[in-house]
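**Q** These came from Swiss-Prot, pasted as-is:
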- Ser100: active site, phosphoserine intermediate (ACT_SITE)
- Ser100, Asp240, Asp242, Asp244: Mg(2+) binding site (BINDING)
- Ser100: phosphoserine (MOD_RES)
Amino acid sequence: MGRLFGTDGVRGVANTELTADLAFKLGRAGAFVLTEGTHKPKILVGMDTRISGDMLEAALVAGILSVGAEAICVGVVPTPAIAYLTRKYKADAGVVISASHNPVEYNGIKFFNKNGYKLKDELEDRIQSIIENNFEGVPSPTGENLGRKITCESAIDDYVEFAKSTIDVDLKGLKIALDCANGASYKTSVETFRELGAEVVVINNDPDGVNINKNCGSTHPEELMDYVVKQGCDLGLAFDGDADRCLAVDEKGNLIDGDFIMTICGKHLKDQGKLKDNMVVVTVMSNLGLSLAFDKENISTIKTKVGDRYVLEEMVKDGYKLGGEQSGHIIFLDYNTTGDGLVTGLQIASIVKETGKTLSELASIMTKLPQVLVNAKVPNNMKDIHEKDAEIAEEIKKIEEKLNGCGRVLIRPSGTEPLVRVMLEGENQEELDKIAHALAKMIEEKANA
């Protein structure tokens, strides 16, 4: 068996790749590894709104109970809520059943340790090796030593109270549009903003099990961009299916992506003396415009590989407070141990309220360089073809010479799907489009030859 865990837990098409059998095994092995030596350990279990969530939850919980651990089921909540509530409830671990921004047929299983952090590779490998070794040495308790399933009704309220505590102002006088992606934030985000006094209008908050992320949310913000202008809102916020990411829309209907959000929040934290070492952790995918804007503000950046886990590792290592990705995974380490869409949205809204500036005015400190991202479909075992194939390497070198220091080429494999992402940055959008599509086509043809 290849490595089960990708960049963000175990992902796959539910019922064919991520089967009930595999969910049971992950529950059993995960509970064993994460709670060794604990008497009657407690594991928190939450999920997003996908139809396959019920099937996978039943199997996962069965696995947890089979090693004598208790499963505390909190139902549909955002991924960051599990990270927070695992700490608050003093659970021994947390598990989320979600495939985040992926289409409905996918699902995933992601573990958090008792401190609310995603697992390190070594722990994931231990879980996998227990499954591969047929649960050798894993107990099968009987009678009173089996685990119980406990349903927890207070999770949403507890998470909303936590989210509200991350800002010091009320939001009265602001009109805010929310796009909940028919996902896990459909209750929490609406309740939080309303309780803080904002006038809230909402789209895509009617999940039916199959409409999660469908032409909505942070992966498809076009509807929200129109809606903000039509409704005369001060800003809009788009979450993804499990609400660990958030993108914003300004009052003119312009998209404010994660790079803009980090620039706005980074400057605000620095002005308040709250940005440790005036440092923000970003990834190699962040726009060059972000670095230029931060240079003007005397803010430094550290660049990591793509993936919020790598951003988080760097932040934890040196205690940095702000980090994130262009996609809207923003981590405010003072508040939560993972990307948190609701906390991110609240920081943006509070800065608009505190400064009295419009979001478009706040965003004007950064000018985005044209950036083109094209997916090339390649088999999983060919994701490194751009490094191995001499013709592709030569083509990339030519493109970089052409961009002449005012842009760059970045090719990176997806951690969750059979594709590589071809990213070009430079000054001329039209030219970049042509070059990126031609390069993606070349990679696709060679990888599938």
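Each residue, glycine too, has its Cβ placed from N, Cα and C.
Note that the structure is a prediction, hence the values are computed from the model and not measured.
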**Q** When you measure from the Cβ of Asp244 (Mg(2+) binding site), how many other Cβ atoms are you left with inside 10 Å?
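**A** Looking across every protein chain shown, the total is 34.
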**Q** Count the other Cβ atoms sitting within 10 Å of the Cβ of the residue listed as 'active site, phosphoserine intermediate', across every protein chain shown.
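**A** The residue listed as 'active site, phosphoserine intermediate': 29 neighbouring Cβ atoms within 10 Å.
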**Q** Neighbour count, 10 Å Cβ-Cβ cut-off, for Asp242 (Mg(2+) binding site): what number do you get?
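**A** Cβ-Cβ neighbours of Asp242 (Mg(2+) binding site) within 10 Å number 36.
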**Q** Taking the Cα atoms as reference points, how far is Asp240 (Mg(2+) binding site) from the residue listed as 'active site, phosphoserine intermediate' in Å?
**A** 7
**Q** What is the number of other Cβ atoms found within 10 Å of the Cβ of Asp240 (Mg(2+) binding site)?
**A** 34
